[in-house]
Amino acid sequence: MAVLSKPVAIPKSGFSLIPVIDMSDPESKHALVKACEDFGFFKVINHGVSAELVSVLEHETVDFFSLPKSEKTQVAGYPFGYGNSKIGRNGDVGWVEYLLMNANHDSGSGPLFPSLLKSPGTFRNALEEYTTSVRKMTFDVLEKITDGLGIKPRNTLSKLVSDQNTDSILRLNHYPPCPLSNKKTNGGKNVIGFGEHTDPQIISVLRSNNTSGLQINLNDGSWISVPPDHTSFFFNVGDSLQVMTNGRFKSVRHRVLANCKKSRVSMIYFAGPSLTQRIAPLTCLIDNEDERLYEEFTWSEYKNSTYNSRLSDNRLQQFERKTIKNLLN
(Lines of atoms letter the chains of each structure in order from A and count residues from 1; the text may use other names and numbers.)
(Lines give C-alpha, C1' and ligand atoms only; values in the text may rest on other atoms or scores of the structure.)
Protein backbone atom coordinates (compact mmCIF):
# COMPACT_ATOMS: atom_id res chain seq x y z
CA MET A 1 0.00 0.00 0.00
CA ALA A 2 1.38 3.43 -0.95
CA VAL A 3 0.86 6.35 1.41
CA LEU A 4 0.67 9.75 -0.22
CA SER A 5 1.84 13.05 1.19
CA LYS A 6 0.96 16.53 0.03
CA PRO A 7 3.80 18.37 -1.68
CA VAL A 8 5.83 20.55 0.66
CA ALA A 9 7.97 23.60 0.07
CA ILE A 10 11.65 22.80 0.52
CA PRO A 11 13.79 25.84 1.44
CA LYS A 12 16.53 26.37 -1.13
CA SER A 13 19.02 26.92 1.68
CA GLY A 14 18.09 23.60 3.29
CA PHE A 15 21.12 21.70 2.06
CA SER A 16 23.55 24.12 3.71
CA LEU A 17 21.69 24.03 7.02
CA ILE A 18 22.66 20.51 8.07
CA PRO A 19 25.51 20.61 10.62
CA VAL A 20 28.64 18.63 9.73
CA ILE A 21 30.70 17.41 12.69
CA ASP A 22 34.36 16.49 12.21
CA MET A 23 35.12 13.91 14.90
CA SER A 24 38.87 14.54 14.48
CA ASP A 25 38.40 18.13 15.69
CA PRO A 26 39.10 18.42 19.45
CA GLU A 27 36.63 21.31 19.65
CA SER A 28 33.78 19.46 17.94
CA LYS A 29 32.04 19.15 21.33
CA HIS A 30 30.71 22.69 20.99
CA ALA A 31 29.44 22.13 17.45
CA LEU A 32 27.73 18.92 18.60
CA VAL A 33 25.82 20.68 21.36
CA LYS A 34 24.72 23.46 19.00
CA ALA A 35 23.57 20.93 16.39
CA CYS A 36 21.54 19.05 19.00
CA GLU A 37 19.96 22.30 20.20
CA ASP A 38 19.19 23.78 16.78
CA PHE A 39 18.28 20.69 14.75
CA GLY A 40 18.48 17.51 16.79
CA PHE A 41 20.33 16.19 13.75
CA PHE A 42 23.85 16.24 12.40
CA LYS A 43 26.23 14.57 9.97
CA VAL A 44 29.49 13.01 11.19
CA ILE A 45 32.70 12.77 9.17
CA ASN A 46 36.13 11.36 10.09
CA HIS A 47 34.25 8.90 12.25
CA GLY A 48 36.70 5.99 12.19
CA VAL A 49 34.26 3.38 10.88
CA SER A 50 35.84 1.27 8.13
CA ALA A 51 34.45 1.93 4.66
CA GLU A 52 35.16 -1.69 3.73
CA LEU A 53 33.17 -2.94 6.71
CA VAL A 54 30.20 -0.78 5.71
CA SER A 55 30.45 -1.92 2.10
CA VAL A 56 30.40 -5.60 3.09
CA LEU A 57 27.29 -5.14 5.23
CA GLU A 58 25.51 -3.21 2.48
CA HIS A 59 26.33 -5.98 0.01
CA GLU A 60 24.97 -8.64 2.38
CA THR A 61 21.89 -6.52 3.07
CA VAL A 62 21.15 -6.13 -0.64
CA ASP A 63 21.56 -9.89 -1.07
CA PHE A 64 19.02 -10.53 1.67
CA PHE A 65 16.40 -8.16 0.30
CA SER A 66 16.93 -9.64 -3.18
CA LEU A 67 15.67 -13.02 -1.97
CA PRO A 68 12.14 -14.15 -2.92
CA LYS A 69 9.54 -12.81 -0.52
CA SER A 70 8.59 -16.36 0.44
CA GLU A 71 12.11 -16.89 1.80
CA LYS A 72 12.35 -13.54 3.58
CA THR A 73 9.06 -14.08 5.38
CA GLN A 74 10.52 -17.23 6.95
CA VAL A 75 12.27 -14.89 9.40
CA ALA A 76 9.27 -12.62 9.94
CA GLY A 77 8.40 -11.78 13.52
CA TYR A 78 7.50 -9.07 16.02
CA PRO A 79 9.18 -6.99 17.18
CA PHE A 80 12.33 -8.59 15.68
CA GLY A 81 12.48 -10.10 12.23
CA TYR A 82 11.51 -9.32 8.65
CA GLY A 83 8.65 -6.98 7.84
CA ASN A 84 7.12 -5.59 4.67
CA SER A 85 4.97 -2.49 4.33
CA LYS A 86 3.38 -2.73 7.74
CA ILE A 87 5.18 -0.65 10.39
CA GLY A 88 4.15 -1.60 13.90
CA ARG A 89 0.66 -2.76 14.84
CA ASN A 90 -1.33 0.45 14.78
CA GLY A 91 -2.05 1.00 11.11
CA ASP A 92 1.15 2.64 9.86
CA VAL A 93 2.36 1.49 6.45
CA GLY A 94 5.09 2.56 4.06
CA TRP A 95 6.90 1.71 0.84
CA VAL A 96 9.54 -0.26 2.73
CA GLU A 97 10.72 -3.69 3.77
CA TYR A 98 13.01 -4.18 6.72
CA LEU A 99 14.92 -6.49 9.02
CA LEU A 100 14.91 -5.57 12.71
CA MET A 101 17.43 -7.13 15.10
CA ASN A 102 18.63 -6.98 18.67
CA ALA A 103 21.95 -5.13 18.54
CA ASN A 104 23.19 -5.99 22.02
CA HIS A 105 25.80 -8.73 21.69
CA ASP A 106 26.26 -8.78 25.47
CA SER A 107 22.66 -9.66 26.25
CA GLY A 108 23.15 -13.38 25.71
CA SER A 109 20.41 -13.62 23.10
CA GLY A 110 22.44 -11.99 20.33
CA PRO A 111 21.02 -10.46 17.16
CA LEU A 112 18.45 -12.31 15.10
CA PHE A 113 20.29 -13.54 12.02
CA PRO A 114 18.58 -15.15 9.05
CA SER A 115 19.78 -18.71 8.64
CA LEU A 116 18.57 -18.99 5.07
CA LEU A 117 21.22 -16.80 3.45
CA LYS A 118 23.71 -18.31 1.04
CA SER A 119 26.52 -17.18 3.35
CA PRO A 120 24.96 -16.62 6.80
CA GLY A 121 28.39 -16.55 8.44
CA THR A 122 29.46 -13.59 6.29
CA PHE A 123 26.26 -11.71 7.08
CA ARG A 124 26.56 -12.48 10.79
CA ASN A 125 30.17 -11.30 10.90
CA ALA A 126 29.35 -8.14 8.98
CA LEU A 127 26.47 -7.33 11.34
CA GLU A 128 28.57 -7.91 14.45
CA GLU A 129 31.57 -5.94 13.21
CA TYR A 130 29.40 -3.07 11.97
CA THR A 131 27.43 -2.87 15.21
CA THR A 132 30.59 -2.97 17.33
CA SER A 133 32.19 -0.18 15.31
CA VAL A 134 29.09 2.03 15.25
CA ARG A 135 28.58 1.53 18.99
CA LYS A 136 32.10 2.80 19.64
CA MET A 137 31.48 5.83 17.43
CA THR A 138 28.22 6.47 19.29
CA PHE A 139 29.99 6.34 22.65
CA ASP A 140 32.53 8.88 21.35
CA VAL A 141 29.78 11.21 20.14
CA LEU A 142 27.85 10.98 23.43
CA GLU A 143 30.99 11.66 25.46
CA LYS A 144 31.82 14.69 23.33
CA ILE A 145 28.26 15.91 23.86
CA THR A 146 28.68 15.44 27.60
CA ASP A 147 31.93 17.43 27.46
CA GLY A 148 30.18 20.18 25.54
CA LEU A 149 27.45 20.37 28.17
CA GLY A 150 30.03 20.51 30.95
CA ILE A 151 28.71 17.35 32.62
CA LYS A 152 30.86 15.14 34.82
CA PRO A 153 31.66 12.31 34.53
CA ARG A 154 31.96 12.31 30.76
CA ASN A 155 30.40 8.83 30.47
CA THR A 156 27.12 10.06 31.98
CA LEU A 157 25.33 9.44 28.68
CA SER A 158 27.50 6.80 27.05
CA LYS A 159 27.24 4.43 30.02
CA LEU A 160 23.47 4.25 29.47
CA VAL A 161 23.98 2.55 26.11
CA SER A 162 27.09 0.54 26.98
CA ASP A 163 25.53 -1.45 29.82
CA GLN A 164 25.36 -5.21 29.20
CA ASN A 165 21.56 -5.00 29.37
CA THR A 166 21.21 -2.13 26.92
CA ASP A 167 18.10 -2.29 24.74
CA SER A 168 19.70 -1.24 21.45
CA ILE A 169 18.52 -2.42 18.05
CA LEU A 170 19.72 -2.48 14.45
CA ARG A 171 17.33 -1.89 11.59
CA LEU A 172 18.06 -2.56 7.92
CA ASN A 173 15.63 -0.81 5.57
CA HIS A 174 15.09 -1.33 1.86
CA TYR A 175 12.96 1.12 -0.12
CA PRO A 176 12.36 -0.38 -3.60
CA PRO A 177 11.85 1.94 -6.58
CA CYS A 178 8.27 3.18 -6.47
CA PRO A 179 6.56 4.01 -9.79
CA LEU A 180 3.89 5.97 -7.92
CA SER A 181 6.50 8.39 -6.56
CA ASN A 182 6.88 10.13 -9.93
CA LYS A 183 5.24 13.43 -8.99
CA LYS A 184 4.68 14.37 -12.62
CA THR A 185 2.19 11.51 -12.94
CA ASN A 186 0.99 11.52 -9.35
CA GLY A 187 -0.64 14.89 -8.91
CA GLY A 188 2.46 16.42 -7.33
CA LYS A 189 2.26 14.16 -4.30
CA ASN A 190 5.06 12.23 -2.63
CA VAL A 191 4.89 8.56 -1.72
CA ILE A 192 5.90 7.89 1.87
CA GLY A 193 8.56 5.25 2.33
CA PHE A 194 8.60 5.62 6.12
CA GLY A 195 6.20 8.04 7.81
CA GLU A 196 7.17 11.03 9.92
CA HIS A 197 8.24 10.20 13.46
CA THR A 198 10.79 10.79 16.17
CA ASP A 199 13.07 8.07 17.51
CA PRO A 200 12.29 7.11 21.12
CA GLN A 201 15.80 6.02 22.13
CA ILE A 202 18.67 8.21 23.36
CA ILE A 203 20.27 8.65 19.95
CA SER A 204 20.15 6.89 16.58
CA VAL A 205 22.79 6.53 13.88
CA LEU A 206 21.89 6.24 10.21
CA ARG A 207 23.96 5.33 7.20
CA SER A 208 22.49 4.88 3.70
CA ASN A 209 23.54 4.31 0.13
CA ASN A 210 23.58 7.23 -2.28
CA THR A 211 19.84 7.28 -2.94
CA SER A 212 17.98 10.30 -1.58
CA GLY A 213 14.77 10.22 0.42
CA LEU A 214 15.50 11.27 4.00
CA GLN A 215 13.92 14.51 5.17
CA ILE A 216 13.99 16.30 8.52
CA ASN A 217 11.43 18.70 9.93
CA LEU A 218 12.55 22.19 10.94
CA ASN A 219 11.16 24.28 13.78
CA ASP A 220 9.04 26.29 11.33
CA GLY A 221 7.29 23.11 10.18
CA SER A 222 9.02 22.88 6.80
CA TRP A 223 10.77 19.75 5.56
CA ILE A 224 14.27 19.75 4.10
CA SER A 225 15.85 16.94 2.13
CA VAL A 226 19.10 15.50 3.43
CA PRO A 227 21.59 14.88 0.61
CA PRO A 228 22.75 11.24 0.81
CA ASP A 229 26.38 10.55 1.63
CA HIS A 230 27.37 6.89 1.83
CA THR A 231 30.72 7.79 3.45
CA SER A 232 29.21 9.56 6.46
CA PHE A 233 26.81 8.89 9.32
CA PHE A 234 23.77 10.89 10.36
CA PHE A 235 22.71 11.18 14.00
CA ASN A 236 19.19 11.83 15.30
CA VAL A 237 18.56 13.07 18.83
CA GLY A 238 16.00 10.73 20.39
CA ASP A 239 13.07 11.41 22.71
CA SER A 240 14.98 10.09 25.73
CA LEU A 241 17.85 12.53 25.19
CA GLN A 242 15.36 15.38 24.80
CA VAL A 243 13.98 14.49 28.23
CA MET A 244 17.42 14.11 29.83
CA THR A 245 18.41 17.59 28.61
CA ASN A 246 15.03 18.94 29.77
CA GLY A 247 14.08 19.99 26.26
CA ARG A 248 17.36 21.74 25.49
CA PHE A 249 18.03 19.15 22.77
CA LYS A 250 15.21 18.45 20.33
CA SER A 251 14.20 15.01 19.14
CA VAL A 252 14.10 15.54 15.40
CA ARG A 253 11.01 14.58 13.42
CA HIS A 254 12.00 12.87 10.18
CA ARG A 255 10.62 10.74 7.34
CA VAL A 256 11.68 8.99 4.15
CA LEU A 257 10.13 9.57 0.72
CA ALA A 258 10.13 6.82 -1.89
CA ASN A 259 12.28 7.19 -4.99
CA CYS A 260 10.79 6.44 -8.40
CA LYS A 261 14.02 5.16 -10.00
CA LYS A 262 16.46 3.79 -7.43
CA SER A 263 16.44 1.59 -4.34
CA ARG A 264 17.42 3.13 -1.04
CA VAL A 265 19.17 0.94 1.53
CA SER A 266 19.77 2.23 5.04
CA MET A 267 21.17 0.87 8.29
CA ILE A 268 20.05 2.44 11.56
CA TYR A 269 21.54 1.76 14.97
CA PHE A 270 19.20 2.81 17.78
CA ALA A 271 21.12 3.31 21.03
CA GLY A 272 18.70 2.57 23.85
CA PRO A 273 19.24 2.11 27.60
CA SER A 274 18.34 -0.93 29.67
CA LEU A 275 14.64 -1.55 30.22
CA THR A 276 14.88 -0.60 33.91
CA GLN A 277 16.81 2.63 33.31
CA ARG A 278 14.98 5.66 34.67
CA ILE A 279 14.75 8.58 32.25
CA ALA A 280 14.44 12.09 33.68
CA PRO A 281 15.98 15.55 33.26
CA LEU A 282 19.57 15.54 34.50
CA THR A 283 19.73 17.48 37.76
CA CYS A 284 22.98 19.15 36.69
CA LEU A 285 21.14 20.83 33.81
CA ILE A 286 18.36 22.42 35.87
CA ASP A 287 18.54 24.87 38.78
CA ASN A 288 15.56 23.49 40.67
CA GLU A 289 12.85 20.84 40.41
CA ASP A 290 10.25 23.39 39.29
CA GLU A 291 12.08 23.71 35.97
CA ARG A 292 11.56 20.05 35.08
CA LEU A 293 9.49 19.71 31.92
CA TYR A 294 9.02 15.94 32.12
CA GLU A 295 8.00 13.32 34.64
CA GLU A 296 10.41 10.50 35.33
CA PHE A 297 9.74 7.19 33.60
CA THR A 298 11.56 3.96 32.86
CA TRP A 299 12.70 3.08 29.37
CA SER A 300 10.39 0.06 29.52
CA GLU A 301 7.40 2.31 30.22
CA TYR A 302 8.23 4.61 27.35
CA LYS A 303 9.00 1.77 24.98
CA ASN A 304 5.63 0.20 25.71
CA SER A 305 3.90 3.52 25.08
CA THR A 306 5.49 3.69 21.62
CA TYR A 307 4.09 0.25 20.79
CA ASN A 308 0.62 1.64 21.49
CA SER A 309 0.94 4.77 19.38
CA ARG A 310 1.07 5.81 15.75
CA LEU A 311 4.34 6.88 14.15
CA SER A 312 3.40 10.55 13.92
CA ASP A 313 2.11 10.83 17.51
CA ASN A 314 3.81 13.14 20.00
CA ARG A 315 4.67 10.31 22.36
CA LEU A 316 6.36 12.53 24.93
CA GLN A 317 3.21 14.53 25.53
CA GLN A 318 1.80 12.13 28.11
CA PHE A 319 5.04 12.41 30.10
CA GLU A 320 5.13 16.20 30.20
CA ARG A 321 5.13 17.51 33.75
CA LYS A 322 1.81 18.76 35.02
CA THR A 323 2.47 22.12 36.62
CA ILE A 324 0.19 23.91 39.04
CA LYS A 325 -0.84 26.17 36.15
CA ASN A 326 -1.85 23.15 34.09
CA LEU A 327 -3.90 21.76 36.95
CA LEU A 328 -5.77 25.05 37.38
CA ASN A 329 -6.71 25.28 33.69
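Cβ atoms here come from the backbone N, Cα and C positions, even for glycine.
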Subject >> Listed in Swiss-Prot for the Fe cation site shared with HIS197, ASP199, one of HIS174, HIS230, HIS254 >> reply: HIS254
Subject >> For the domain 'Fe2OG dioxygenase' (165-273), the number of residues DSSP places in helix, strand and coil >> reply: 12 helix, 45 strand, 52 coil
Subject >> Same-chain residues at least 6 apart in sequence whose Cβ lies under 8 Å from ASP199 (Fe cation binding site) >> reply: ASN236, GLY238, ASP239, SER251, PHE270
Original post:
What is the average pLDDT across the domain 'Fe2OG dioxygenase' (165-273)?
Top reply: 93
Original post:
Which whole-number value in Å describes the distance between the Cα atoms of HIS197 (Fe cation binding site) and ARG264 (active site)?
Top reply: 19
Original post:
When you tally the Cβ atoms that lie within 10 Å of each candidate's Cβ, which of the recorded positions (HIS197, ARG264) has the highest tally?
Top reply: ARG264
